[in-house]
Every structure is written in structure tokens, then in C-alpha cells.
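J.: Below is a structure I'd like to ask you about.
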Amino acid sequence: MRSIYLDHAATTPVREEVIEAMVKVLRENFGNPSSIHQFGRPVRKMMEEAREKVAKAINADPREIIFVGSGTEADNIAILGGARANKKKGNHLITTSVEHHAVLDAFKALEKEGFEVTYLPVDEVGRISVEDFKNALRDDTIFVSVMHANNEVGTIMPVEEIGAICREKKILFHTDAVQSVGKIPVDVTKINCDFLALSGHKLYGPKGIGVLYMRRGVRTQPLYFGGGQERKLRPGTENIANIIGLSVAIELAVAEMEQESARLSKLRDKLIDGVLANIEETRLNGPREGRLPHNVNVSIEYIEGEALLLTCDMKGMAASSGSACTSGSLDPSHVLMAMGLTHTTAHGSLRLSLGKSTTEDDIDYIIRELQPIAERLRAMSPVWERFQKGLPIA
Amino acid sequence: MRSIYLDHAATTPVREEVIEAMVKVLRENFGNPSSIHQFGRPVRKMMEEAREKVAKAINADPREIIFVGSGTEADNIAILGGARANKKKGNHLITTSVEHHAVLDAFKALEKEGFEVTYLPVDEVGRISVEDFKNALRDDTIFVSVMHANNEVGTIMPVEEIGAICREKKILFHTDAVQSVGKIPVDVTKINCDFLALSGHKLYGPKGIGVLYMRRGVRTQPLYFGGGQERKLRPGTENIANIIGLSVAIELAVAEMEQESARLSKLRDKLIDGVLANIEETRLNGPREGRLPHNVNVSIEYIEGEALLLTCDMKGMAASSGSACTSGSLDPSHVLMAMGLTHTTAHGSLRLSLGKSTTEDDIDYIIRELQPIAERLRAMSPVWERFQKGLPIA
Amino acid sequence: MYTDKVLDHFTNPRNVGEIEDASGVGEVGNMKCGDIMKMYLKINDSTNVIEDVTFKTFGCGAAIATSSMSTEMIKGKSIDEALSLTNKAIADALDGLPPVKMHCSVLAEEALKAALLDYQKKSGKNLGLNEEDFEDWDEE
Ligand SMILES: Cc1ncc(COP(=O)(O)O)c(C=O)c1O
Ligand SMILES: Cc1ncc(COP(=O)(O)O)c(C=O)c1O
Ligand code: FES
Ligand code: FES
């Protein structure tokens, strides 16, 4: 049977060049980079070369690159550390209502610590407005976090504008670029951010490695303590294999970006058009323009997400959903809800995220197969029945 | 030239079985364990099997195993989380003066938050006394952390006695077992600990993976926030390759422990005896009995540690030292100082930590080569000159 | 971490030892910091030329290498030239030191000046060195 991976926004396969680089490290460079002997020194050097590669990929200085254990950790050091370290300057923070939980839950924690947080609303395609942002600014605003691109609906945020305003007002600005690096250009000097988070496993690198970009001169504080590694911001023996793996992955991702993103954008648009044309009562979530090249998110109304996913999976299509029922919690995706979707529509959402392995043939297959799946599930859906009978839907 | 790795306490080479298991995961099981589709499900299953293996290695229940990013992180979740989550019950904490910085610096942070901390002294071989511990206990003592075995001098601590007392008094007890797992038996039911930390790269597994054991029913709180992974204690997409690698490594380490530890103990004793006999004015740091099987730590008086290390390295012996000058900080090892060594003696310390690759031939080589190295460095040491002239040594 | 030149001077330190009838001897540093350096000078009283110089050092690789390099840099030089030797010049001559190791090179400059101060006392010449300048001699 076919097996199409359509969940590249959740995680990506590790590319062969990365695996080979990692295996070489695991076999030959096991030394501790803090050791001054022959087993440690070359490892330290490799690590610093990796730092240069990562810096180059986002137009930063190598001294601004801090290797951490995940995208989540990078977000948290930036947010918890950045806010706590600057508490004396003010008490107000701004973020958006559609951030990843790694950002959102960090802000929730800061609220418990006494900070005030403004969660910016988004429009129907999931984008914040710069006007709203300006209106939210206060004299005591010290920290702002706006994601570069949304993981669920692919909406690209106006981070350059936000960054310029923050820089001018000397407010710290963090951006979660976990979804955007390697997909669209990411240049810290253009975004004007003080912090930026990225993660290895979203760009064909290993899981368990993230990067915190921290602009020179900016202060934060660590979440935990120990050895002096990574300028004391991420203590613990460094995961060299993953650091090297990430550096190889990000270098390749950026080098191939223009071509690959153009290819994916075409496939994305074909898939969106095909699904909307083929299945009635279906809507696109997120924008047509200003959208990540690999993200498709549609709501197939009157169907529940997990059932949809499982059926897709049986037909060899591995996707994901914003339905509550996949996450174990009762509310559907906070992103879709913030965009103003009804519960019903949010529950029927399906995210198909494309990647290097995705072919035009796959797209044709999906368009073809999705329609009977929707039909089958609708045939057993009482909500669909209500809809067809013209009855009100809760 | 010869190349003998004598720094297994700093980190170990990754064993081939581990590399192979990791490569298999990197190539074939890239899915996100949170995904419910065919790419995610098998990965979730592998992860739970790995959890069982780790649990078995320390006689725990799989539900008590939390995968984290390093030994440092495990220590910090236990200590920062454990103390903060139980603040209401009391304000006093106890640890020892010879813990790893991952423990010590976490306690320093808690002191800044308002906790009172007692740092237990150690005797001349680096061991705390149960008597001192009992005397330190207060009505408001809520958390105790005592390492299972010391990373610098190999001293094994009376953790069972401490654990029994804590259990009886309902005080939370954490032990840092990063150095002991795979070297000496580690059984959480015998130690009676509520938390235990271990790390992959000390037992021939990968770097960047640690385990927090947390007894059922015990409460802590996370250091950072995000997805619901690892019972919300360690959010972020799981590092499956490292989780599998660690599970393979720990299973093998425990299976081979008895035989390998007996072999290493013999080599250790031969090395200690040889060095002490061969080089005048040399002393053993740490105990003869109750010492990790792979740890040798000697002070070659009137020589500075980094110079010693570098010279050893040139002769193909990669070791480590407790001298300030290797660490960039000005004070020599806090462990050696807590044991009552003078600055001079602490500066001249050399740790030789043996491992799977160490042969009897290596030991002979070290004993033979160390003497002329010591002689050469002493010839240029003004402190040695003072000593020989019978002058006082500051 | 260390340049080839540092490693060379560490491995084959020049001018190690003592001078029996030294014109000036200086010892600086302390055990607490783990670095002590002692320098011996043989100075020609009439020409003011440093004819011989030796050292002994208890310290890290950088401390030993800077000691060695500094003796090479002043051997055969006049007292005035020796007085103008800075720790930075010694570090540069070694193609640089890691930032955390710069303080080790201060030791060499200090030891040399201490030895010259000793010579000033013994010879009665005024080299313009001042005892107090040494009391609060600070790293960097
Ligand atoms: C006793 C002890 N605790 C904690 C750690 C920290 O482990 P990791 O390097 O995995 O963070 C180490 C080793 O570095 C150690 O020896
Ligand atoms: C936007 C965004 N931020 C943060 C994360 C967290 O990254 P990681 O899984 O590496 O912790 C993810 C992915 O899970 C993400 O999509
Ligand atoms: S119907 Fe089962 S979780 Fe919602
Ligand atoms: S002599 Fe102490 S760091 Fe160089």
C-alpha cells in the first residue's frame, strides 16, 4: 500500500547527509568538548564550526548561537529568562493567541508569577495586525513574542514590522521560527529580533536539538544550573552528534530553500484547489498568500478530526488534525478557535504538511482519495445529517 | 603514538550496539511519537519499550521513568522542581559540599529564592557521615540530595542509610546516580529515593539524554513549558534516537556490570599502587574501599594540574584534573577543597578514569610514563624547589 | 585552545632552571590561584645587558609557555628593553592566548619586573621601579 508522509510540520525524516555526519561523530568524536586533551579538543573545534554554520543560516554572529535541547527549550529560555531577567524594567508582556504551546504555556507561567500578558487576537486567516500590536504597547511593556509562522495553518506573521517597533522602543523581541527556518528566508538582522528559536527536527535534522539565537548584549537567565556550557544558559555535556547533525541540516535546508519552496508552493496550491473543488462544504484554514510553502490546512465540515486521520492513515496518508480528540484535551485547537472557527469546523480540520518526499503524484492521490473518505464519514455523521436536513447545528 | 583514553568519568565512547540502534531509529523511525498515524505509532511503542528497559535497570516501574535532555536536567527537575513544589511544607534543604555543579548550583539558586540549605561536610576521603546528616535534619527539612558516588574522587556515599531516614521522616530524597549506574548496583527500592538522576553518556550511550526517576505519588514541577510530553515534566518532541540508544546502553551496562567492575577494580588498584610507589610525594584522593571501580585520583604534589594534563596528553594519556587552571576558574576543585586538601595538593590532582577499553598493558604504560613527566615538571616548579630546600610553602 | 607556539614553548621550555649567583631574583603569584613564577637574571653591571635569564614556574600550560617566551625575549637585551616588555607582547609572540589565559601572561611580566626590582635593590641603581607599584599590581 501507499505510504505518504504528510506531517512534515510535526517532524521530518532525518536526511541521509545528517545521519552520516552524526554517525561519524558518534563513532569517532565521542570526547567531551570541555576536555583539554586530544579527545576533547577536536570536538570543541567541530562544535564551533557548527555554530558558525548555524549563525550563517540566519545571518547571525556565531557568538549569538546557543545550542539547547529542543525548540521548546529555546522558546522557554528566551521567554521565561528574558522576562524574569528584565522584571525590574516593567511588568507587561505581549504575545499572540496562536503561538505554539512552548510559547503560550511559558507566558501562562509568567502570568502566575505576576506578569501581565496581552494575547493579541488574529484575523480569520490567523494573522495579527500591527495596529492591534501598537495599541497593546504600554510604557511598562518589556517583552514581546510573535511567531514567525504558524505551525497549524502556516500563516506568516508581520515580524519585521513588530521587530522594528520593538527595537525603536527598546523592548525585547522574541520570535519562534521553528516552522519557518528552511522554508522562508529568516534573517535576524531584518526581523530585528533579540531572540529567535529554531528546532532541528523540523528541517530534516535530529530530534532533541534546538537553537536559541540571542542578540549580543541582550540578557536572559537560565532555566536550570550546572556546568558552564553554552554560556551557562544551557548547562550539561553538549550533544555533539545532534549539534553537528543540526548544522548539516540547516546549511542544506537554507541552500535548497528557494528551489524547494517554489516546488512545494505549487504542490500546496494544487492540493488546496483540488480538495476544495472535490469535496463540498470544505474550507481553507489560513491565508492564500503569506502562507508557509508546505502547509495545507482544510476543514472538512461535519467530520471529526481523529476519525478522519485514522481513515486517511488506513489509505496510507499520514496527516494531522486540530481536533481535540487527537490531543486528549477537550477543546479543539486554540489556533483555529482564535481564528473564529466554530467548534464543528475546527473539529473537522486536517493539516497536510508537505516535504522533500512529496511528489505531484502524491498530491493527485490525496485529492482522489480524500473525497470518498469524507463521504464515508459524513454518511455516519449525525451532524452532516442535520446539515443536509437544514436543521440548526449546535 | 599510543592513545589511551583515561577520562571515562567525563564521558564514554558510544558503544557500537548503541550506534546501530540509533542509526536504525534515525533512518526508519523518524515519526513523532505524539502522531497517531503509522509513522508515529511504532515510535511511541519503541519509546515505551525503552522506558521499560531503563526501569528494569534500576528496579523501577516504567511509569516512574522520565526521559530528559541530560543528567543536569534530571538533577534540576528533581531539585528545583521538588523543592519549589513542596515549599509550603518547609524551607530547609540538605545536600553535600561535594555534589556535581548540576546539583550544587541548583541549590545555590534555591538559596536565592529564600530556601535555607545545609551543605554537609565530608571527611578526608570525601564521604559524608550519617551522624552529621541526622544532626542537620530540622522539622522544616523538606528535601535532601546526596550523590550516589562522587565524580571526582569516586567516593560512594551512604545513600541507603540517608534514604531510609528520609523515607521514615517523609522527606523527599534525591540521589545523583550519574556516575554510579552501570558501575555499582543501583536499586531505587534499596536506596529508598524519591528522585534519581542518570545520564546516557557516562555509560557508553549518547550525549544529550538523561533520565529522571520519580517515585509514584511524588510531586515536582517542570522547569519549562510546552507540549504534554513526559508527563509535562519535559515538554518538547522526544529525542527517540537517544532514548533508544540510552536504553540499549543501560541494559548492556547493567548486564556486564559485575564482571567489568571486578576487572576495573583490579586495574584501578594496580594503578593506584604503581603511581604511589613510583612517584615520591604523591597521595591518593578518595578512599581505598567504597570507591567506584574505575576511578583513580592522585595528587602529584608541587605540580600544576593543567601542565600535568597537557604533558600526559602528549604522551597519549588523556586524563583530567581538579586544578583551577583547567577550568578557567580560580579556585581548585570544590570537592578536593572540601576534603581538606591544601591548594597546592588540590592543584596537583590528576583523575584517571578507566573504562571498557582500558587494558593491563595501558596501566603498565601509565605507571611507567607518569614518573618522568612528574620529574620534568617538578624540575621547573619553584614550589618543588621550596619543598626540597625545606622552605615553607605558602 | 593553545597555538602551536604555546605548545612548543610548553613542551620544550627555554631557559628553565636557577642561576646560582643571580643579579636579581623575582617570585610572584600565589598558591591559591595555582600559579607561581620565579625568574633569575644575570645582568652585566657595566653594560646593563641581561646576559642570562632562567625561570621556574608552577602553573598551567599558558603560564609555562609565557615564562619561557619572556626569557627568550629579554635574553641579551638591555634593562630598558626588558622594562618595556608587556604581557600582551609576550602573548602576541606566542600567536595569542585564549582570553581566560591572558592573566597567566601577566605573571611573566610581573616576575621579570620583580627580578629587576630585586636587582635595583642589590645594585643600588635606580631603574625607576617602585616597591609600591608591586603591592597592588593587578591582573589587567
Ligand atoms: C555526578 C554528576 N552529575 C551530573 C552530571 C551531569 O550530567 P550531564 O553532562 O549529562 O548533564 C555529571 C557529569 O557531567 C556527573 O558526573
Ligand atoms: C512553532 C513551534 N514552536 C515550537 C515547537 C517545539 O519544538 P520542539 O519539538 O523541538 O521542542 C514546535 C514543534 O513542535 C513548533 O511547531
Ligand atoms: S469523541 Fe473520543 S475524544 Fe472526542
Ligand atoms: S597559571 Fe592558572 S590559569 Fe594559567
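Numbering starts at 1 and runs along the chain as it is shown here.
Cβ coordinates come from backbone N, Cα and C, glycine included.
What TrEMBL says about a protein is an automatic prediction, not a curated fact.
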J.: Kindly point out which candidate in B:ASN59, B:ASN86, B:ASN91, B:ASN151 is recorded by TrEMBL as part of the pyridoxal 5'-phosphate site with B:GLY71, B:THR72, B:GLN179, B:SER199, B:GLY200, B:HIS201, B:THR237.
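T.: Candidate listed by TrEMBL for the same site: B:ASN151.
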J.: In Å, how large is the greatest distance between any two Cα atoms among B:GLY71, B:THR72, B:ASN151, B:GLN179, B:SER199, B:GLY200, B:HIS201, B:THR237, the listed binders of pyridoxal 5'-phosphate?
T.: 30
J.: Rank the binding-site residues B:GLY71, B:GLY200 by the number of other Cβ atoms within 10 Å of each Cβ and report the first-ranked residue.
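T.: Going through B:GLY71, B:GLY200 one by one, the largest Cβ count within 10 Å is at B:GLY200.
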J.: List the residues of the same chain that sit at least 6 positions away from B:HIS201 (pyridoxal 5'-phosphate binding site) in sequence and have their Cβ under 8 Å from its Cβ, in sequence order, or write 'none'.
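T.: Listed in sequence order, they are B:THR11, B:THR12, B:VAL14, B:LYS207, B:GLY208, B:ILE209.
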J.: Enumerate same-chain residues with a sequence separation of six or more from B:THR237 (pyridoxal 5'-phosphate binding site) and a Cβ-Cβ distance below 8 A; give 'none' if the list is empty.
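T.: Residues satisfying the criterion: B:ASN32, B:SER34, B:GLY227, B:GLN229.
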J.: Near chain A: which of the binding-site residues B:GLY71, B:THR72, B:ASN151, B:GLN179, B:HIS201 have their Cβ closer than 8 Å to one of its Cβ atoms?
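T.: Of B:GLY71, B:THR72, B:ASN151, B:GLN179, B:HIS201, the entries that lie near chain A are B:GLY71, B:THR72, B:HIS201.
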J.: Measuring Cα to Cα, how far is B:ASN151 (pyridoxal 5'-phosphate binding site) from B:LYS202 (N6-(pyridoxal phosphate)lysine) in Å?
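T.: A Cα-Cα distance of 10 Å.
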J.: Cα-Cα separation of B:GLN179 (pyridoxal 5'-phosphate binding site) and B:LYS202 (N6-(pyridoxal phosphate)lysine), in Å?
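T.: About 7 Å separate the Cα atoms of these two residues.
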J.: Between the Cα atoms of B:LYS202 (N6-(pyridoxal phosphate)lysine) and B:GLY71 (pyridoxal 5'-phosphate binding site), what distance do you get, rounded to the nearest Å?
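T.: Cα-Cα distance, B:LYS202 (N6-(pyridoxal phosphate)lysine) to B:GLY71 (pyridoxal 5'-phosphate binding site): 9 Å.
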J.: From the binding-site residues listed here (B:GLY71, B:THR72, B:GLY200, B:THR237), select those whose CB sits under 6 A from an atom of ligand 1.
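T.: Within range of ligand 1: B:GLY71, B:THR72.
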J.: Could you tell me which of these binding-site residues, B:THR72, B:ASN151, B:GLN179, B:SER199, has the fewest other Cβ atoms within 10 Å of its Cβ?
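T.: Relative to the other binding-site residues in B:THR72, B:ASN151, B:GLN179, B:SER199, B:ASN151 has the fewest Cβ atoms within 10 Å.
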